[in-house]
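These features come from TrEMBL:
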type     : residues : note
TRANSMEM : 6-23     : transmembrane segment
TRANSMEM : 44-65    : transmembrane segment
TRANSMEM : 71-96    : transmembrane segment
TRANSMEM : 103-124  : transmembrane segment
TRANSMEM : 130-152  : transmembrane segment
TRANSMEM : 159-176  : transmembrane segment
Amino acid sequence: MLELFWTFFKIGFMSFGGGYAMLPVIEHAALKEGWMTAQQYTEAIAVAGMAPGPVAMNIAVYVGYTADGWIGSLIASLGIVLPSAIIMFLVATIFYRVYDNHWVQAALSGMKPAVIALIAYAAYTMTIHSGFITGLSISTFASIAIFVAAMIAMIRFRLHPLAMILVSGIVGIVIYA
């Protein structure tokens, strides 16, 4: 359990850019430690994305549970939250004073594209491990159609993510059941 705490503490301490940016780092640790398979991790992301709250916290709970049950969930959660709580307390007290500094703004401008790349990488690895693209089949075309429709619904019509997940789940039952 100490390994679980320490792993998530390091992830929480070293991961920047938010929950989705942490997903590749958490995936690497979960697979390396043998806490879950790539397929299980992809399914965990789906569940974590549907649950309320920060996705990194949700995935920590899920991975922790697969590693050591309920106590593992608590340990992983504490490990991932504690560093950011400490860091944000310190940053908030300092950042407020230097936010308008030219160097700070330049650094933030450089970090934004890298964070977007981390999120894109998480989407890429989820696509590869989920079986989303399985070759030329009806299932693949249906998955692509659901993906495109979900993107349009969220971008164009501002559909709430929970509504999008529920509707796509119903569509999945109709198509795949």
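The backbone N, Cα and C atoms fix where each Cβ goes, and this holds for glycine too.
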Intrachain residues whose Cβ lies under 8 Å of the transmembrane segment (6-23), provided they are six or more past its termini: 29, 33, 45, 54-57, 59-60, 64, 75-84, 87, 111, 114-115, 118-119, 122, 125-126
Long-range environment of the transmembrane segment (71-96) - Cβ separation under 8 angstroms, sequence gap at least 6: 1, 4-9, 11-13, 56-57, 60-65, 104
Chain residues outside the transmembrane segment (44-65) and at least six past its termini with a C-beta under 8 angstroms from it: 4, 8, 12, 15, 18-20, 22-23, 26, 30, 35-36, 72-77, 79-81, 126, 161-162, 165
